[in-house]
């Protein structure tokens, strides 16, 4: 009886929270079913209006207008136009973001460009030792190609590791595994105090919480668009270069799209001014315009409200896990302090791979990260408190 | 009267050629209207079955299966699977091509990897001086990052320019401006005789003529898929690494998709064996699967038949231009010899930009390349001889 009444206590709490949720109506902007989808930090759900927009791009823009669409359908300017749509979500004024390529490729551009900005006297790149692997691999390649040394350190160690040799520091705003939110303002200030350049990876923060790129003076940033921005599988990433650094942005991938006069067909390279300088080759229009359409779901949605709901969701999930999951079966890797928490909860759990399979079978979709982590992402645009309660209850049942 | 009878003579010839064209039926595989579309060397036409396939990817694979599609819909393996679909079109056995990123990014991977294969003693990169600009810009960046010198030479000068310092040579199979087909077998052999590595850009040849990558021992090759392969606007490019060089392919963009164990989330990079090593970040699935669908139009179509028709089309176009266009108004930049001709005809013409505008207004779509070139591409899968006759006739009318 006590368990039953506890169940209903949390279920009642969820109901109240959902009723008071000013963002609850946004769920209707997405295609969802009765699965609890807590994997939007890996692949965002499909916004309901996107299929029709993609169909128009394929049938009319490509099929009927064909080559004319580069001008008439705005294909050519899509990378910077969509960059300007992302800008307010990460606290950037217009004209500083271009969309295109993968996150990995943009990390490469940003880190090499940062090293070049730092100049000859500096030959060390610091990288988050717990980073999503691709950032570390690409930073290592950037170091090798620019004659730098790569030094992996935890974000906490960055202030003491910074020095006269430091050229660039590559950090994650939110750790992909633990969900820990790093202190972007303080770390950026420390990097600047040492005369180095800060490159932030926003993959796990953009669309889930305020980033404040301009406000905090971030130098360069990259991020993907298929997680909290719901751009679709493998949708193109973006690159932010702070306005006053753009003239010094010296790209290691100076493709023709970044030329000052791309259709001049000149043999000598001359970089375009502005964010366009971050472009490389011909943009992948289908993926890019699906992303552009997907960004419509943000119309009228303040990032601050998203952040408030995100914290309420993760708070409630931790509470429900505490109630439903038997003592000692999971350990949260995600910080309790709001200032240190992104929009996911990571639970260390024995047999995590198997547990996640069983969760998915029972309609709760998170993901497994080797070796022992259950990862649950909370997308405030479409996840509600009843979802959260159900996910924790199902997890508790599996682990009982 | 003599002009009228000449008109009908060429029109009759076109009719006969179309009636005898064994590939004529392929036109029905595409969405076309009564425009004469001679810009398939810039953006291929839409294959008729692609919209439904893209819709399935968006609505079902993304919308319903969501994250499960990485396995269940074969998203994760798409780069190498689609590479294997392109392989027979360029004369490559399976397992040597991956699809992803832009052509520019793949040129970067290939040139840096070629320099690394060549080893320390070699510090010069030769590049086609008349190349499409992005190849030159990217080769320059690769040279700068690897401590090499970049030396632009015409393809004809390559044999005499090769030497002990040469690490890599970046060449275009077909010149984007003139339509000249370069001698891939002979130039590759010359590069090898000098102990260097050959990187071929196939953007303007793949899908229009046989390439024979394996047969001619090409080391590395790249190409786009939105021209003669009809993959859609900005569809992902591909990278070929000859099988016996794959273990030595040392990518400057070692993203997590190229790791031997990508989901192991290891901090140390270990490259995957095989073509997968050429991958970088998460593939842009919508664009990639549109390309996969588009490649179905090649079912049962031998590249040799495509080449034969291509040459017949460009021969006939040159003949019609000779008849319809007043003497001295245009000059063909495209070689007369079949062995030196790709699948386009480039005509130097005064006021070419304005002339192309008027052609397009009259339903003949080619493109203009600065400063003075009218460029007409002939896609044998959907361009017929009546189209060719009409294009030349309209051009003649404008220039009369």
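Glycine residues also receive a Cβ, built from the backbone N, Cα and C atoms like all the rest.
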Per TrEMBL: pyridoxal 5'-phosphate is bound by B:103, B:104, B:132, B:133, B:134, B:135, B:201, B:204, B:226, B:256, and from B:166, B:282, B:314, B:334 the site also lists B:282
Taking B:103, B:134, B:201, B:227, B:282 as the recorded positions, those within reach of chain A by Cβ under 8 Å are B:103, B:134, B:282
Students should find that the Cα atoms of residue B:201 (pyridoxal 5'-phosphate binding site) and residue B:227 (N6-(pyridoxal phosphate)lysine) sit apart, in Å rounded to an integer, by 13
If you rank the binding-site residues B:103, B:134, B:282 by how many other Cβ atoms lie within 10 Å of their Cβ, the lowest count goes to B:282
Rounded Cα distance, in Å, between residue B:103 (pyridoxal 5'-phosphate binding site) and residue B:227 (N6-(pyridoxal phosphate)lysine) is 12
Close in space but at least six residues away in sequence, with Cβ under 8 Å from that of residue B:226 (pyridoxal 5'-phosphate binding site), the same-chain residues are B:43, B:44, B:232, B:233, B:234, B:235
One finds that other Cβ atoms within 10 Å of the Cβ of residue B:201 (pyridoxal 5'-phosphate binding site) number exactly 27
Whole-number Å distance separating the Cα atoms of residue B:282 (pyridoxal 5'-phosphate binding site) and residue B:227 (N6-(pyridoxal phosphate)lysine) is 23
Record-listed pyridoxal 5'-phosphate binders B:103, B:104, B:132, B:133, B:134, B:135, B:201, B:204, B:226, B:256, B:282 have a maximum CA to CA distance, in Å, of 30
